[in-house]
Each structure stands twice: as structure tokens, then as C-alpha cells.
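What Swiss-Prot says about this one:
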type: DISULFID; residues: Cys24-Cys45; note: disulfide bond
type: DISULFID; residues: Cys38-Cys62; note: disulfide bond
type: DISULFID; residues: Cys64-Cys75; note: disulfide bond
type: DISULFID; residues: Cys76-Cys81; note: disulfide bond
type: SIGNAL; residues: 1-21; note: signal peptide
Amino acid sequence: MKTLLLTLVVVTIVCLDLGYTMTCCNQQSSQPKTTTTCAGGESSCYKKTWSDHRGSRTERGCGCPHVKPGIKLTCCETDECNN
């Protein structure tokens, strides 16, 4: 019985790839590159760009948020793909 339970746990870990976390860039505008480890369950990164009175602005992070009209949004699904 213990062997069966252990086998099921191992199969679950292998099939679900537990422990993998997405890494996304999170620097703002033209700042030096920085990264963050996303929360469990996040599987995408984003890059938002827009212009305001300060010029062109860029925001990066985990997930794929909804944006207002006039903001360019790029979402991707590999580590550090939003640089």
C-alpha cells in the first residue's frame, strides 16, 4: 500500500512539473534589467508601453493584465521573454 501511494506521488510530481516558476523581467522603462520570480500558477509575462507627458513609458511584470485603450500590451510565455 505504501509503495502504491509513493508511486502515485512520484507520478503526480513528474506529470504536473511541480516546482516550476516563471521568471519575468520587471524593470521599468529604460532601467537596468531586473527579474522577478512569479507567483505559482502564473504562466506568462507582460510588457506595457505608452506615452505620457514624461515621454515613452514601459512597465514589465508577471501575468497578462487588461489595459486601457492607447496602451500597447505584449504577453509571452517563456522565461524573461518580456525584455
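The backbone N, Cα and C atoms fix where each Cβ goes, glycine too.
DSSP gives Cys76 (disulfide bond) a strand state.
A C-beta separation below 8 Å, combined with a sequence spacing of at least six in one chain, links Cys45 (disulfide bond) to Met22, Cys24, Cys25, Cys38, Arg60, Gly61, Cys62, Gly63, Cys75, Cys76, Glu77, Glu80, Cys81, Asn82. For the disulfide-bonded residues Cys24, Cys62, counting C-beta atoms within 10 A of each C-beta gives the highest total at Cys24.
The C-beta environment of Cys64 (disulfide bond), restricted to residues of the same chain at least 6 apart in sequence and closer than 8 Å, consists of Ser44, Tyr46, Leu73, Cys75.
Mapped onto three states, the DSSP output places Cys24 (disulfide bond) in strand. DSSP gives Cys38 (disulfide bond) a coil state; it is part of no helix or strand.
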